[in-house]
Amino acid sequence: MHPTSLLMSSSLILILFLLTYPLLTTFTPNPKHSDWALTHVKTAVKLAFFISLLPLFIYFNEGLEVIITNWNWMNTNTFDVNISLKFDHYSIIFTPIALYVTWSILEFASWYMHTDPYMNRFFKYLLTFLIAMIILVTANNMFQLFIGWEGVGIMSFLLIGWWYGRADANTAALQAVLYNRVGDIGLIFTMAWMATNLNSWELQQMFATAKDFDLTFPLLGLIIAATGKSAQFGLHPWLPSAMEGPTPVSALLHSSTMVVAGIFLLIRTSPLMESNQTALTICLCLGALTTLFTATCALTQNDIKKIVAFSTSSQLGLMMVTIGLNQPQLAFLHICTHAFFKAMLFLCSGSIIHSLNDEQDIRKMGGLHNLAPFTSSCLTIGSLALTGTPFLAGFFSKDAIIEALNTSHLNAWALTLTLLATSFTAIYSMRVVFFVVMGHPRFNSLSPINENNPAVINPIKRLAWGSIIAGLLITSNILPLKTPVMTMPPLLKLAALAVTILGLLTALELAFLTNKQFKPTPKLTPHHFSNMLGFFPSIIHRLTPKLSLILGQTIATQMIDQIWLEKTGPKAIASANLPLVSTTSNIQQGMIKTYLSLFLLTLSLMVLLVIY
Amino acid sequence: MSPVHFAFSSTFILGLTGLTLHRYHLLSALLCLEGMMLSLFIALSLWTLQLDSTSFSASPMLLLAFSACEASAGLALLVATARTHGSDRLQNLNLLQC
């Protein structure tokens, strides 16, 4: 075998083995020493990251992609299921990024969860999640992808409900599982359709044989799956509720890796979606709606983690819009750059929360640029990268997306909503920075602000470097699969920057109004709409169970118990006979009039009969 | 049906209607009863003549005698009612209905 491909395949298999080894050591009954988390798990991830750079550089140098089919798992007469790993453009670039971000998060978690007695278990869960995510990303067939999909769903449930003594955390974990399950219906439907119509779950065979079919239904199934996993509008409330979990969980799962699984699925199956205009339009409109709605909700939230969660949801909507534009590679680029700055935003939030003695409300923070300068600077860098400041990481993906949006023939509504959401991004980022970093402190003086621990500083530093240069690095080294439109009028070219600056100026204006009274009474309705998340959870979470319970009660109690088993059965005899009985006994009350009138009636009838 | 038969049949039925559907006074019921008796008297007399059965010619007289007894019994009841209930209003007389 050619040495380069041998090198590549062996490195990739080694990565998977390195990651699973710490898990295998936990199957012995002896408890691990308290350093196990750091010595085994973090080292494994760090090592796996450095090894994964080798395939990455081989790919950049030669463009070599590898598909490894290991084992024929099961087969029926006509259908094979294999363990098959695909390391193509998407998974070769995503794996090092995921490992880098996870390495930083694990190091941060060793500080954040230091006082937790079950820290080893926490790290084990995070490692299991990472393995499931890698399985999902490197899957060459739908079955393996489904294994990874369900794996990340379950680990999300276990990690969100980490502090299970708290009722809100349990509710949030359950919410995550339920919403993901609704999405899974779509995925299973698509898998069934593929199995029955295309005879395979392998991606290569699917792409080759799907040319003659009308793919609207399976694509709809995939879109529903992405809606559930990636928190698009309609199945989105679980993502802000998932902030009940510890901050490392939010940083890993709900910003960089798990929530992009839905978008990743759509990217993997993008050859199927290219020719189906219905599916593309649905993606476009759904993504635009999501990005604007969640950006609106982010404007008035007061919990710093919820703002970042809504920001994640908004960026996921943007990725969905990109897929709707038939640009999967740009969506993937945004996934990669987004992982860096979003994880960093979460880590900075975690550092701030711990420093202020577990205070998460931004109205009780302030003045941190003097007290925690490093964290504040990185928060600012992350926010700038998020809003697409030129030449930071976010710029390369976000600006490319908005340029593609502006120069393509599409729904003008989607364009407007996306541009509006971009300006909202600037507004809420500015709001976070204003409340947290600027101004005077609004917390107690004896807060344990300490950012001198290298376990906190180094991860954030690494991610900050990533947020700055990742965009440049990735775009300089990959080949674009579709040619971007290069020439456009200057206003279109600068549209993203212009709306961002507009948003920034608006936010600055609003920020300096916080200590002045602009109107006698504020206008409360838009604030309530945004703060209560558009009333979506309030309505749906109460209405749907209520309707289901009423339906259950109507069917079980009223229809079956009371009617079929009582009224039409035993009681029917009674209720049919009772009127007859009462009429008869009413007649025979002993009133002479009744008897005589009967006699009269009979007699007159008789006479009439005789006459005629 | 011959007109005479029709006459006393309808008299009987009308009397019966009056007896059945009386409302206020017991006396009107008794009067209707007398009317029914009268029509029966005419009927018996007619049938004796029509059917040429002379052995029945005494029956109208017997009927008349019995109807007189019965009328006096009815009147005695009326007087008894007036004594115990104060009038002959028929609402007071629903003895068999609880």
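Every residue gets a Cβ built from N, Cα and C, even glycine.
Here TrEMBL flags A:73-123 as domain 'NADH-Ubiquinone oxidoreductase (complex I) chain 5 N-terminal'. In the predicted structure, the domain 'NADH-Ubiquinone oxidoreductase (complex I) chain 5 N-terminal' (A:73-123) carries a mean pLDDT of 90.
Residues or ranges marked as domain 'NADH:quinone oxidoreductase/Mrp antiporter transmembrane' in TrEMBL: A:139-420.
The domain 'NADH dehydrogenase subunit 5 C-terminal' annotation in TrEMBL covers A:428-609.
The transmembrane segment annotation in TrEMBL covers A:6-27 (among others). Under 8 Å from some Cβ of the transmembrane segment (A:6-27) lie the Cβ atoms of residues 36, 40-41, 44-45, 47-48, 51-52, 54-55, 58, 64, 66, 68, 85, 87, 95, 99, 124, 127-128, 130-131, 134, 138, all in the same chain and six or more residues away from its ends.
Feature annotation from TrEMBL assigns transmembrane segment to A:47-69 (among others).
What TrEMBL lists as transmembrane segment is A:122-139 (among others).
The annotation transmembrane segment is assigned in TrEMBL to A:145-165 (among others).
Under the heading transmembrane segment, TrEMBL lists A:215-235 (among others). Beyond its flanks by at least six residues, the transmembrane segment (A:215-235) meets 149, 153, 179-190, 193-194, 258-263, 265-266, 269, 272-273, 276, 278-279, 282-283, 286-287, 289-290, 293-294, 312-313, 316-317, 319-320 of its own chain at Cβ-Cβ distances under 8 Å.
Sequence-distant contacts of the transmembrane segment (A:247-267) (same chain, at least 6 residues past either end, Cβ-Cβ under 8 Å): 90, 94, 98, 101-102, 105-106, 108-109, 112-113, 122, 126, 129-130, 133, 136-137, 145, 148-149, 152, 155-156, 159-160, 162, 183, 187, 222-223, 225-232, 239, 273, 283, 305, 308-309, 312, 316, 319-320, 323, 328, 331-332, 335, 338-340, 342-343, 345-347, 349-350, 353. Taken from TrEMBL, the feature transmembrane segment covers A:247-267 (among others).
Residues or ranges marked as transmembrane segment by TrEMBL: A:279-300 (among others). Tertiary proximity for the transmembrane segment (A:279-300) is limited to same-chain residues at least six positions away from its ends with a CB under 8 Å from its CB atoms, namely 215-216, 219-220, 223, 227, 231-234, 236, 240, 266, 273, 306-307, 310-311, 313-326, 410-411, 413-415, 417-418, 420-421, 424-425, 427-428, 431, 527, 529-531, 533-534.
Look at TrEMBL and you will find A:331-353 (among others) tagged as transmembrane segment. Outside the transmembrane segment (A:331-353) by six or more residues, the chain places 90, 93-94, 97-98, 101, 104-105, 108, 112, 247-248, 250-252, 255-257, 260, 263-264, 266-267, 304-305, 308, 311-312, 315, 318-320, 322-323, 359-360, 365, 368, 372, 375, 378-379, 381-383, 385-386, 392-394, 396-398, 400-401, 436, 451, 456, 459-460, 463-464, 466-467, 470-471, 474-475, 478 with a CB less than 8 A from a CB of the stretch.
Sequence annotations record features per position, and here TrEMBL assigns transmembrane segment to A:374-393 (among others). Long-range contacts of the transmembrane segment (A:374-393) within the same chain: residues 311, 315, 337, 340-342, 344-345, 348-349, 351-352, 355, 368, 399, 422, 425-426, 429-430, 432-433, 436-437, 451, 457, 460-461, 463-464, 466-472, 496-497, 500, 503-504, each at least 6 residues beyond the stretch ends and with a Cβ under 8 Å from a Cβ of the stretch.
Under the heading transmembrane segment, TrEMBL lists A:413-439 (among others).
For A:491-513 (among others), the entry in TrEMBL reads transmembrane segment.
For A:594-611 (among others), the entry in TrEMBL reads transmembrane segment.
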What is the number of residues in the domain 'NADH-Ubiquinone oxidoreductase (complex I) chain 5 N-terminal' (A:73-123) that are helix, strand and coil, as DSSP sees it?
29 helix, 11 strand, 11 coil
